[in-house]
Amino acid sequence: MAAVSPTRCQDPVTFEDVAVVFTDEEWRRLVPTQRDLYKEVMLENYKSIVSLGLPVPGPDVIFQLKRGDEPWLVEFHGFEGKEGAENVSLDWETKPEIQGASEEEKSEGSLKENLGRKGPPSPKVEVYVLDGRLGTEKESPTVEACKKPPSLEESLRHRATPPKKFLTKERDQECSNCGKTFFDHSSLIRHQRTHTGEKPYDCPECGKAFSHRSSLSRHLMSHTGESPYECNACGKAFFDRSSLTVHQRIHTGEKPFKCSECGKAFFDRSSLTRHQRIHTGESPYECNQCGKAFSQKSILTRHQLIHTGRKPYECNECGKAFYGVSSLNRHQKAHAGEPRYQCSECGKAFFDRSSLTQHQKIHTGDKPYECSECGKAFSQRCRLTRHQRVHTGEKPFECSVCGKVFSSKSSVIQHQRRYAKQGID
């Protein structure tokens with residue numbers, strides 16, 4: 001019986017056909033078991049090609065996997081080019097020796113990056129997948145048709161109980177505090193630090209602690225003075241590229257992050273996240289003194305100063321101290337000169353735009369801040385906050401003379417005037 005000639009595929013198979021490279025973001029979403037499975041499948045695919053007995057050079061991704069490196073920075077040098085893009089070339093050079101690499105790694109080559117150079121064409125070997133296995137042009141197995149090489153997903157599907165989320169990337173890691181979901185457990189752990197306040201990364205220079213390693217890395221640059229990313233519009237320099245990108249949107253006016261509820265747009269995602277808590281009512285930052293919760297960590301920090309009585313922001317003109325830097329800035333404008341922002345309705349002038357905006361609500365009747373207990377509405381958030389103390393019974397302001405507590409700062413001041421009249425300090 002005559003041997004049946006194999007039906008030739010139109011395109012020969014290269015390692016690129018059976019290889020998958022993740023982006024940085026995709027790689028971070030994989031848990032360790034998924035990464036190990038990926039590496040195992042990639043190495044098996046490569047060994048299948050090498051098992052033909054031909055000196056096929058090892059792509060950079062294989063060198064990285066064998067050394068235990070993460071493969072997401074890999075680009076397949078040698079698979080892009082003119083003549084060598086479709087076939088595996090045997091014209092190869094020895095890869096520079098890597099300290100600590102095995103003899104097997106040192107002996108494997110890397111593809112010539114300049115595939116379009118002049119000179120005689122290099123010998124090539126065409127590799128095909130025939131009847132589910134790899135073969136060369138010299139072989140003549142009795143098969144009816146060539147098959148495409150199995151993809152990574154197909155390889156994983158035929159392995160023993162592959163993790164389903166490796167293929168679908170489901171968000172199955174849920175925070176028990178707020179219900180937010182994540183792709184992997186490590187992202188969930190990092191998120192939960194916003195609830196616990198845990199900051200495991202300490203700066204060796206000043207002792208300041210951070211909840212994320214990346215935040216510590218950016219902070220360390222403040223000690224070295226390194227600011228490698230400079231804005232070409234204004235010359236301002238930044239510690240990291242992401243901060244520069246956000247800053248440049250000030251010049252371009254781009255606001256790519258839009259609220260799905262009200263349509264308001266923002267320069268960065270974190271500002272959008274903070275804004276959306278207005279709609280959801282989420283307040284993940286809780287005061288450990290009184291239990292009051294806030295939508296932003298900065299607001300919690302300012303609130304906690306009430307309990308300590310510390311006012312870290314002091315005016316260098318008159319010495320008056322404030323809880324927040326914004327209050328200090330508004331105060332300092334009083335020293336700077338005439339108020340710049342004037343109400344078109346009554347002519348009253350203010351030192352900053354936010355104060356004018358708050359004032360204009362008196363004329364418009366706008367009261368966007370409503371009490372969830374009784375439904376009473378207010379034009380300013382601070383007035384709603386004071387009102388809510390009627391329901392909660394909270395009295396955060398304490399007299400330093402007698403220890404009596406009050407629900408508002410103005411009540412403390414009025415109370416202390418009695419001591420001033422009596423000459424009591």
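Placement of Cβ uses the backbone N, Cα and C atoms for every residue, glycine included.
Swiss-Prot annotations:
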- 14-85: domain 'KRAB' (DOMAIN)
- 97-124: region 'Disordered' (REGION)
- 103-116: compositional bias 'Basic and acidic residues' (COMPBIAS)
- 173-195: zinc finger (ZN_FING)
- 201-223: zinc finger (ZN_FING)
- 229-251: zinc finger (ZN_FING)
- 257-279: zinc finger (ZN_FING)
- 285-307: zinc finger (ZN_FING)
- 313-335: zinc finger (ZN_FING)
- 341-363: zinc finger (ZN_FING)
- 369-391: zinc finger (ZN_FING)
- 397-419: zinc finger (ZN_FING)
Taken over the zinc finger (257-279), the model's mean pLDDT: 88
Recorded stretch that, among 201-223, 229-251, 257-279, has the most CB pairs under 8 Å to the zinc finger (285-307): 257-279
The zinc finger (173-195): DSSP-derived helix, strand, coil residue counts: 11 helix, 4 strand, 8 coil
Same-chain residues at least 6 beyond the ends of the zinc finger (257-279) whose Cβ lies under 8 Å from its Cβ atoms: 246, 249-250, 295-296
Residues of the parent chain within Cβ reach of the zinc finger (229-251), under 8 Å, 6 or more residues beyond its termini: 218, 221-222, 267-268
